[in-house]
Amino acid sequence: MSRVPFRTETLRRAARSLGVLDWIRVGVLVLGLVFVATGLLPADTARASVGRIAPLLLFLFSVIVLAELTKEAGVFDAIAQRMARAGRGNYVALFLLCVAFASVTTVFLNLDTTAVLLTPVMLALAARARIATLPLAMTTVWLANTASLLLPVSNLTNLLAADRVALETREFAARMWVPQLAVLAVTMVLLWVFYWRRRMRGADAYDPPEPAPIRDRVLFSATGLACLLFIGAILAGVHTGIQLGIAATIPAVVAVGVFAVRDRAALKPALIPWQLMVFVTGLFLVVPTLERFGLDDAMHALVGGDDGVAGAYRAAFSGAGLSNVLNNLPAYVAGESAVPASNKEQLLSLLVGTNVGPVITPWGSLATLLWFEWCRRWDVRVPIRKFVLTGTVLAVAGCAATVPALLLTG
């Protein structure tokens, strides 16, 4: 009998430990299961949807485990130290370094890699240099989204759009480089105004940290090589079709194997990103239900059929808005079905909205979800009100500046 109160108290503690975002994630899954149980979403459709995201769930599980163990081995701390020392105590130099690092990572390795591998580097940088965490964190999440326009590999939505409009990588980059520069300029200005200027960061300069010793060189080297293997697999997958799940699982298995030998205590249940997996699963049950009950019709009404300036803006802002309500991937897919096949400018404008726009809500893109997961694991407090308000400014200003830049290259 004594076990019942114990279990009840354990459940209460677990419930109290959940934050607002955790409850939202659980609620989305519960809502999706209710849709299936009530027949609003047929069981066959639900199975097909979950089966379609199985590789994505494998990717999420594996890449979070890999990144957590890499953090434990001190690799992110070492990179952060080098960046902080390169800035030599100057905030402007550090800002430019962080922007360049995040932008290059997103362009060539895709936005999810930036969220997974660069976020812990930035958070470690804040700790090592003893500076405010939020400016560095926001630099990562904003540029993970807004720097993802240039190449097809930069974002899964880009791959879908490039295929739809029949553009090879070079042709795609030729269309998107001016829009990419435009939105990067907007992002940099807003990052500085909202998060990096003197009043926000709290100091005129910072002290570059002294090099810290490496705790275990075997773990350090093995996890560092595992991350390089992950990056190589991502790049190879562009040409060979390697699934993201496989690209992340093999390096994660390498890291787990080394830790099993060198530091078994680090392999604990907290490594499992259950909150993220719960939310993604729920999302792909809720969205198909909405598609059955009017989402497609709504997108046709919002986007329209004009391939001119008005149609481009309608597509961009519709994509941005729906991305923040649902998620940018289903938003792009729904918008793509509403855009006439001949309207290439309108389709690329939709792409702008679904890439630049999902910076308002925590679930706007997978990269933003991954970023919030890292902030949670590092105990970084993200003021949701400021996140939403500043993200709204970026989404509106970014789309407003990027659409004319896109039309200029047409």
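Every residue gets a Cβ built from N, Cα and C, even glycine.
Taken from TrEMBL, the feature transmembrane segment covers 20-41, 53-70, 91-109, 140-157, 177-196, 217-236, 242-261, 270-290, 387-408. Positions annotated as domain 'Citrate transporter-like' by TrEMBL: 26-334.
Between the transmembrane segment (177-196) and the transmembrane segment (20-41), the number of CB pairs under 8 angstroms, six or more residues apart, is fewer than three, so the stretches are not in contact. In summary, the transmembrane segment (242-261) lies against the transmembrane segment (53-70): three or more C-beta pairs, each 6 or more positions apart in sequence, are under 8 Å. Model confidence over the domain 'Citrate transporter-like' (26-334) stands at 87, taken as the mean pLDDT rounded to a whole number.
Stretch with the largest number of CB pairs closer than 8 A to the transmembrane segment (270-290), among 20-41, 91-109, 140-157, 217-236: 20-41.
Counting Cβ pairs under 8 Å to the transmembrane segment (53-70), the top-ranked stretch among 91-109, 140-157, 217-236 is 217-236. Here the transmembrane segment (217-236) has Cβ contacts under 8 Å with residues 63, 66, 69-70, 72-75, 78, 108-110, 113, 117, 153, 242, 244, 246-248, 250-252, 254-255, 258-259, 262-263 of the same chain, all six or more residues outside its ends.
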